[in-house]
Amino acid sequence: MQNNKIIVGISGGVDSSVSALLLKQQGYDVTGVFMKNWEEDDTDEFCSAEQHIADAQAVCDSIGIPFKKINFAAEYWDNVFEHFLTEYKAGRTPNPDILCNKEIKFKAFLSYVHLLGGDYIATGHYARTKVIDDGSVQLVKGLDDSKDQTYFLYTLGQEQLKQTMFPIGDIEKSRVREIAKENNLVTFDKKDSTGICFIGERKFKDFLSKFLPAQKGEIHDENGIKIGMHDGLMYYTIGQRQGLGIGGVKNRPEIPWFAAQKDLENNVLIAVQGHDHPMLFKDTLQAIDLSWVAGSAPADSFRCSAKVRYRQKDQPCSVEVNNDGSVNVVFDEPQRAITPGQSVVFYDNDVCLGGGIII
């Protein structure tokens, strides 16, 4: 396998840098490729797109591997960003990083890798793969549970996983930084990127308002009484506390308010008081657009655990697969702030089974 040509997605961050280094050290024929998915040079608070490219180039030069750039901005706009806007317009809260992995990193990029004559792609995700007895590949959580990224990778199928390597999946994040420092990689102390890939660290509200006209409306309490005004339903997520702008409501205790529901028909945001208000909790959800890593669901009904957001602790649940492919999920314990548009991802211990979009 050591003669195989591996194309590493190099982002200019420490995780992909160390992934490329480890593969080179293991004797593979490695090429680093930087994917540019967004045209505007979005100078964020700590690093511009040009800086990411420069860091990626420096890492490849340091390791001694070829460096290439590929522009997927058109594909990203058509297959990720327009869907992102459509979802927000509909009052849902999408996760573009999941769609980016599905449409760009493990689809458009994979096709490009084939053009380069690559045998495998590699990324700096904290995840692992495992080939089981029947020859199929499982998607397994990364060793560093606090950094596990299988939540973002649940749309990957067998064909993609058979051609993918996750070199740092078996390593703790702290060790990844040590390896980068020991090998004098410029990214060793670079801050982890947060936020949506095309927004960087900019204020989300400012960014979204450039693309979608906001429609202001009223904020009501659970009894339908007006308690404030909102700037546009798309700016709010279920369970959100910050930025509601509700304060000093007459005859109400000084307890924080949280976004609980969106009444799209009437353009009303419903807010409730208290982090643990019953309206913020549900023990059931329905999901559509299911992706199963193995190619199909484990059974028509099964027990497993699930996450309704990244970094949430796995929650025990029962899953029922409907005739149309959607699923009904019943949790053993009520879950806070289940959010339409986000993904629910299913696990059997450390094995990621797949997931879908919450409606």
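The backbone N, Cα and C atoms fix where each Cβ goes, and this holds for glycine too.
Now, the feature entries from Swiss-Prot:
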type	residues	note
ACT_SITE	C100	active site, nucleophile
ACT_SITE	C197	active site, cysteine persulfide intermediate
BINDING	G9, I10, S11, G12, G13, V14, D15, S16, M35, G124	ATP binding site
DISULFID	C100-C197	disulfide bond
SITE	H125	site 'Interaction with tRNA'
SITE	Q342	site 'Interaction with tRNA'
Nearest recorded site to S11 (ATP binding site) by CA-CA distance, among recorded positions C100, H125, Q342: H125
Chain-internal residues, separated by at least six, CB under 8 A from M35 (ATP binding site): G9, S11, I70, F72, I104, K105, F109
Q342 (site 'Interaction with tRNA') and D15 (ATP binding site), distance between Cα atoms, whole Å: 25
Structural state of H125 (site 'Interaction with tRNA'), classified by DSSP into three states: coil
For the residue listed as 'active site, nucleophile', the three-state class that DSSP assigns: helix
List of residues, in chain order, with Cβ under 8 A from that of Q342 (site 'Interaction with tRNA') and at least 6 apart: T93, P94, N95, V308, R309, I357, I358
Rounded Cα-Cα span from H125 (site 'Interaction with tRNA') to G13 (ATP binding site), Å: 11
Cα separation, H125 (site 'Interaction with tRNA') to C100 (active site, nucleophile) (Å, whole number): 13
In the chain carrying H125 (site 'Interaction with tRNA'), residues 6 or more apart in sequence that have Cβ under 8 angstroms from it: D15, G142, Q149, F152, L153, F166, I168, G169
